[in-house]
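TrEMBL lists 75-256 with the feature domain 'Malic enzyme N-terminal'. Taken from TrEMBL, the feature active site, proton donor covers Tyr98. For Arg151, Asn405, Asn449, the entry in TrEMBL reads (S)-malate binding site. Marked as active site, proton acceptor by TrEMBL: Lys169. Sequence annotations record features per position, and here TrEMBL assigns divalent metal cation binding site to Glu241, Asp242, Asp265. Marked as domain 'Malic enzyme NAD-binding' by TrEMBL: 266-518.
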Amino acid sequence: ITPWIASVASGYTLLRDPRYNKGLAFSDKERDAHFLTGLLPPAVLSQELQEKKMVKSLREYSVPLQKYVALMDLQETNEKLFYKLIIDNVEEFLPVIYTPTVGEACQKYGSIFRRPQGLYISLRDKGRVSEVLRNWPESSVQVIVVTDGERILGLGDLGCQGMGIPVGKLSLYTALGGVRPSVCLPITIDVGTNNKNLLENEFYIGLKQKRATGQEYDELLEEFMSAVKQNYGEKVLVQFEDFANHNAFKLLEKYRSTHLVFNDDIQGTASVVLAGLVASLKFGGTLADHTFLFLGAGEAGTGIAELIALEISKKTNAPLGESRKKIWLVDSKGLIVSSRRGSLQDFKKPWAHEHEPVKDLLGAVQAIKPTVLIGTSGVGKTFTEEVVRAMASINEKPIILALSNPTSQSECTAEEAYYWSKGRAIFASGSPFDPVEYNGKVYVPGQANNAYIFPGLGLGLIMSGTIRVHDDMLLAASEALAEQVSDDEHDRGLLYPPFKNIRKISARIAARVAAKAYDLALASVLPRPEDLVKLAESYMYNPVYNCFR
């Protein structure tokens, strides 16, 4: 054995390695060289024909969860075919591997669990988290998506079964952003669950105990974050996903100055929504001309509100506090106003403006007269007919964003928004809706999907060697995405470009993020490349089969 030869597995073992397995695409020569003869049927199929066959098979399933299970099986047996299929059919299968289907998959994760994906760190591992991380087979990890499962989409505490979220997010990092799958690590931190149904479910795969809080929780997270930096270095990106509000804000604030961290629910959602709002300005006016009303004042709502305020402040040179006055939030107790300040959580206090108390959303719409209505409540059917009609009576083209996931939790449907506004609403949602025909015209609803932002953002951070995430990078990502909406798409009322171009979009977002990192002296890959778009495209993972000698 010569030292310059790298050998992958051969024979039966090779067929069981998803990174290198090609199934029936192994040529006769490869089968002879790697002891595969007789282990496969004689036919040799191209990767394209394998993909065609798999797509045909998937389309025969009528239940989305069946498609999800089939795709996860493919990912675990033939990685390159899985990613090629997703890239070539992204608009069809994105809703299967991520929202809305991933929500149902998480709810039933214990029942559909077949083989482990990702890394599970539980309270039992306290004191040896670094050792557990070293059990992961890849040492050069660049992106970690981690959840504790306490607030999965709009579905609540799913405990250890929240692993579907990190797995799905990292699949999108690769398929949409071109980040190599070998550098991606999905992690679930299992501190128990308060979900009674899961605790009583014999198939539940996590710790059967009440969720840990306080010092016990904080110590485990601190050990985890220290171990991540110790094992993978300063430049590993840690994306927090679906933590409950009280932990999400605390963790982001605690670690943003010492680690490369990003919270997709707070920052990613904010960036993609801001991009849609910037794109809507082609209809006229500036961001500062709008008045914004949010239903929902959790991590998504306040995160979006803060990024909008930052963008207004940047464009108008107005103080941030002044820009915040254009933005109002409604929570479960009504409009957030200054008289409630004493009982508000800290992250809500910047949005407590002078106004008389208002108890419900309809009253807030009538009082504030917003031009933009944004739903991040996680509660379905809250944009009622009265609310939408009130928005339409105030505005010629009301902007209505029903962002809660999955589809069942959306504040209203696309059909309701268009019908109740008599076709005048500019609508986008968090989960996909089909086109709507009203009065002989077809309306195509936009989808404010975080998948527009985080894959490109992550790629930009990796290729520039960025060491910290700055808010200006999120603004840069938003502006880059908004620029990708063509005039034709704008004329059709679209706030976002079609997903079929997502890799080109991600490359441009990555380039803009990397450029901002260099401007802020936060990039460590030097000298600065001349063509960052070209660099981003060259970094992207290509899921075409290799030839084995």
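The backbone N, Cα and C atoms fix where each Cβ goes, glycine too.
Nobody curates TrEMBL annotations by hand; they come from automatic prediction.
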Show, in sequence order, which residues other than Glu241, Asp242, Asp265 on the same chain lie with their Cβ within 8 Å of the centre of the Cβ atoms of the divalent metal cation site.
Thr147, Arg151, Ile152, Ile165, Phe240, Phe243, Ala248, Asn263, Asp264
C-alpha spacing of Asn449 ((S)-malate binding site) relative to Tyr98 (active site, proton donor), in angstrom
10
Nearest to the residue listed as 'active site, proton acceptor' by Cα distance: which of the binding-site residues Arg151, Glu241, Asp242, Asn449 is it?
Glu241
Which residue, of the binding-site residues Asn405, Asn449, has its CB surrounded by the fewest other CB atoms within 10 A?
Asn405
Averaged pLDDT, computed only over the residues in the domain 'Malic enzyme NAD-binding' (266-518)
95
Among the binding-site residues Arg151, Asn405, Asn449, whose Cα is within 10 A of the Cα of Glu241 (divalent metal cation binding site)?
Arg151
Recorded positions listed as Arg151, Lys169, least Cβ neighbours within 10 Å:
Arg151
Spatial hits near Asp242 (divalent metal cation binding site) (Cα distance within 10 Å) out of the binding-site residues Arg151, Asn405, Asn449 come to Arg151
Of Glu241, Asp265, which of the binding-site residues has the most Cβ neighbours inside 10 Å?
Glu241
Other CB atoms, at most 10 A from the CB of Tyr98 (active site, proton donor):
27
Roughly how many Å lie between the Cα atoms of Asn405 ((S)-malate binding site) and Asp265 (divalent metal cation binding site), rounded to a whole value?
11
